[in-house]
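Right, one structure below, let's go through it.
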Amino acid sequence: MSTLENEVTFRKQTEVSQNLEAQFHSSSTDFILMTDHRTSKYKSMEQLEAIKQEKEASSTSCCTRFVKNICRKKTLKKRLPFLTWLPHYNRKDCIGDIMAGFTVGLTVIPQGLAYSGVVGLPPEYGLYGAFMGCFVYVLLGTCKDSTIGSTAVASLMTFQFAQGSWQRSVLLTFLTGIIEIIMAIFKLGCLVEFVSGPVSAGFTSAVALIVSTSQMRSMLGVKSEGDSFLQTWISMFRDIENIRVADTCLGFGCVFLLLAMRSFSRIKIGPEDNAQRSRCQRIVNAFIKFLGTSRNASVVIIFTLITMYLDGNGMNPFRLTGHIPKGMPSPSLPPFSIEPQPGNITAGIPPVEGQNFLEMVQSMGYGLIIIPIMALLETMSVCKAFSKGKQIDITQEMIACGVGNIATSLFSGYRCNGGLARSAVNNASGCRTNMSNFYIGIIVVLALNFLTEYFAFIPKAVLAAIIISAVIFQVQYQIVTPMWRSKLPGIFAFICCLVMPLEIGITVAIGVNLLFILYHSARPKITLEQLETVQGIKFVKITPDRCLIFPSVEFVRNMILKSGSKSTLPVVIDCTYIYAADFTAAKVISSIVDDFRRRNQKIIFFNLKPSVVSIFEGLNTRLVLCYNTHALNQELQDESFTRSVDSLNRAEGGTSECVSMASTLSLAKS
């Protein structure tokens, strides 16, 4: 479909006497070029600056410049952000960070135990991955509110590519951490820009539903299989006769309780202004806020105590988490192979096939690329939410996340990155610096060393309820209408991630989104206007709205030729927005000029950038270029195209200067 505006009927200017300068006000004075592109003897300021930089670069060793840049104080503070805030750390900061760290730590512990079930690993692995990332982020992180740990997206994608193997999960964490550091070194943070907002929203919403579905089996007590949303639900319905009523009631009851406590935390007692409240009212409000932000830990503690009492009396009807090893894991390199192990039919344990390093990497596939990109998207969403308009250092965030995951893998943890819900709790709890992450990590370490014997009595339905009540708010209902208006990408990503395995769904969605981008770049919007000069000379003005690259040049060529063939008026192409072009575009423009010359119809290029003009070198093409309205006015008054070329050549005293380039450029004299 053509995007040409007023294709058949040209828009007529009502005020013929209006100065042409005003009609070209948006493009006539932005780029005034004299003679710097007419011949190879003359150099533009850009070319002179480039030559100067090349000479300076050749005189200085790359290694020397790199070392000097690394050792600069500014660079050190940029790559080690704690050097900026740590010297100014005071008691108020410490108190605020301890309170925030304690509150978030009470949230991280039950979430870590719960998310390990999403990955298909024993509960302790969720805690193994919840402290080293926090310690690293204290030193390398740039956002004080961001907290590093397990998230729904990271957990589900780890399960998709590691298939419930702790060896593959830990190795995946290690390798993706290395890839994130490599991306930071080569400044590849721009890759996230190829994942549009609708695709990211559709993916996140689909993940929320998939994670909720994966936890329904723990709440219902049924078996589930399958790699997609639909397959999981189908398998659960097939086993619905084995539903456990006690776990189901407990699970749904905890979901409603957690949602009620979340709403309860917004209640304020007393006047709106905190200064006008009494001391008692402030204490009650603080308690309500603490109860709401620590609702996960509160629910876990309450039902763990109930379960311990019931279990001690032999009346426990719930499925429990089970034994969790005490203490921290010993630091070691991630497993680079899997030893084969026989299964146990009686215990229902399947056999484990052995794999070497290459086979493990091959089984992860393109998850090694997709996971870092999606993790970066999640981390950046946290930073943007709390940046308050400040610039975000994507490269430094990739370094922090990469190093954090490498450190986590050394303690047998799986993928971690910034989580929006957990970071919101950190912000609401009054964190002041990155040091809050340190206290979060300390809480997790203490729990591993002193509380694991009590974790065994946590009902699985309670952990499932914690995840469902958290991810249900990641389904972005508020953007359904904007996603629908954006047509295919967002809805397509949502549907693909639900009906296909997650890794295939997001890959297909990103691919389709890139096809949309290519299609729009191949169909630029072209504005057509019929204008008049103050002398009454009519001409057609054509304005493409973007650069000319090979997917779009044929479309632009057809539009220009079609418009030119409808009239014998001169055609002026306003090149203000054409900031780049490739050689294919140059060849097509050359053919357009030849077509107009055969029809003895004038075509003028207005405000064509010098960088684009240089592409025409090597083509035997004559272009009429104008860089201000006075020159354009003079060129339009000429009776023929060839006369303007001859007059220019005579004015320059011959054609030797113009012919010194392979392409002959005819400049209208200003």
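Glycine is treated like the rest: Cβ placed from N, Cα and C.
Residue counts for the domain 'STAS' (548-617) under DSSP (helix as H, G, I; strand as E, B; rest coil) come to 39 helix, 10 strand, 21 coil. Annotation source TrEMBL lists domain 'STAS' at 548-617.
Annotated transmembrane segment per TrEMBL: 94-113 (among others), in sequence order.
Under the heading transmembrane segment, TrEMBL lists 170-188 (among others). For the transmembrane segment (170-188), the residues of the chain that approach it from at least six positions outside its boundaries are 129, 158, 161-162, 334-336, 360-361, 364, 367-369, 371-372, 375-376, 395-396, 398-399, 401-406, 408-410, 412-416, judged by C-beta separation under 8 angstroms.
Marked as transmembrane segment by TrEMBL: 286-310 (among others). Outside the transmembrane segment (286-310), and at least 6 residues removed from its termini, the chain residues within Cβ reach (under 8 Å) are 103, 106-107, 109-111, 250, 254, 257-258, 261-262, 264-267, 269, 316-318, 320, 425, 428-429, 454-455, 457-459, 462-463, 465-466.
Annotated transmembrane segment per TrEMBL: 364-383 (among others), in sequence order.
Residues or ranges marked as transmembrane segment by TrEMBL: 438-456 (among others). Distant neighbours of the transmembrane segment (438-456): 97-98, 100-102, 104-106, 108-109, 112-113, 123-124, 127, 130-132, 134-135, 138, 147, 149, 304, 308, 320-328; these residues of the same chain sit at least 6 beyond its ends, with a Cβ under 8 Å from one of its Cβ atoms.
The annotation transmembrane segment is assigned in TrEMBL to 462-480 (among others).
TrEMBL lists 492-519 (among others) with the feature transmembrane segment. Here the transmembrane segment (492-519) has Cβ contacts under 8 Å with residues 156-157, 160-161, 194-196, 198-203, 205-207, 209-210, 227-230, 365-367, 370, 374, 483, 551 of the same chain, all six or more residues outside its ends.
Residues 142-143, 145-146, 151, 153-154, 157-158, 160-162, 168, 171-172, 175-176, 179-180, 183, 189, 191-192, 195, 200, 203, 392, 394, 397-398, 401, 415, 417-420, 423, 503, 506-507 of the same chain, all 6+ positions outside the transmembrane segment (364-383), place their C-beta atoms under 8 angstroms from a C-beta of that stretch.
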